[in-house]
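Copied from TrEMBL, the annotated features are:
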BINDING   Gly24, Ala25, Gly26, Lys27, Thr28, Thr29, Arg130  ATP binding site
BINDING   Thr28  Mg(2+) binding site
BINDING   Asp46, Arg70, Gly92, Arg149  substrate binding site
Amino acid sequence: MTSPSPRPSSLTISRPVVLIGLMGAGKTTVGRRLAELLALPFKDADEEIEDAANMSVADIFETYGEGYFREGERKVIERLLSEGPMVLATGGGAFMNAATRELVKLKAISIWLRADLDLLVKRTAQKATRPLLQQGDAREILARLLKERAPVYAEADIVVDSLEGPHLKTVNRIIKALDRHAEGGATL
């Protein structure tokens with residue numbers, strides 16, 4: 001079975017496109033492909049934070065705690081949102097911070113990549129670098145996070161389901177959703 005071909009996009013994006021959602025939803029992988037298709041730069045907030053701190057996200061959590069990390073994350077996202085149109089993948093907890101959420105709502109188009117629990121568990125099991133999952137049973141932690149965060153993630157401008165299979169399917173679903181969003185009069 002072949003992957004679907006990328007759908008050429010005629011969208012004109014004038015603001016950052018910010019991908020939100022739980023770890024394992026596909027924000028980074030899908031974001032890179034979306035940026036390619038939209039001819040925009042791609043940035044990963046976690047990578048930018050690591051560069052700014054000269055430490056891994058896991059080390060920041062371990063050394064300074066989650067509160068310190070979230071404040072640094074907000075500052076990095078604020079800087080990135082001022083750089084113009086791009087596709088930005090954020091960490092799973094970024095949109096939960098009220099100040100970060102307001103920045104995203106004001107300066108960007110937010111897209112919640114929604115994934116079901118089984119898919120999140122499957123995808124996150126492949127990485128040992130998830131600080132929040134090192135504190136117990138990954139499935140239980142992800143289920144709790146999903147329950148806590150879904151109502152806030154639902155505040156995103158657009159919701160797209162991240163499904164198992166070729167990432168280009170999800171990318172094409174995002175482009176269709178952006179088209180519909182623009183048709184509704186929203187500024188992209």
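Going from the start of the chain as shown, residues are counted 1 onward.
Quick reminder: no glycine exception, Cβ is built from N, Cα and C everywhere.
Heads up, TrEMBL stuff is auto-annotated, nobody curated it.
On the structure: features taken from TrEMBL.
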residue : record                 : Cβ contacts under 8 Å, 6 or more apart
Gly24   : ATP binding site       : Ala115, Leu119, Leu120, Val121, Lys122, Arg123, Thr124, Leu142
Ala25   : ATP binding site       : Gly92, Leu113, Arg114, Ala115, Leu120, Arg123, Ser162
Gly26   : ATP binding site       : Leu113, Ala115, Arg123, Ser162, His167, Thr170
Lys27   : ATP binding site       : Leu19, Ile20, Gly21, Ala89, Thr90, Leu113
Thr28   : ATP binding site       : Asp44, Ala89
Thr29   : ATP binding site       : His167
Asp46   : substrate binding site : Val57, Ala89, Gly91
Arg70   : substrate binding site : Gly93, Ala94, Asn97, Thr100
Arg149  : substrate binding site : Leu22, Gly92, Gly93, Phe95, Met96
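Of all Cβ atoms in the shown protein chains, 23 besides its own fall within 10 Å of the Cβ of Gly92 (substrate binding site).
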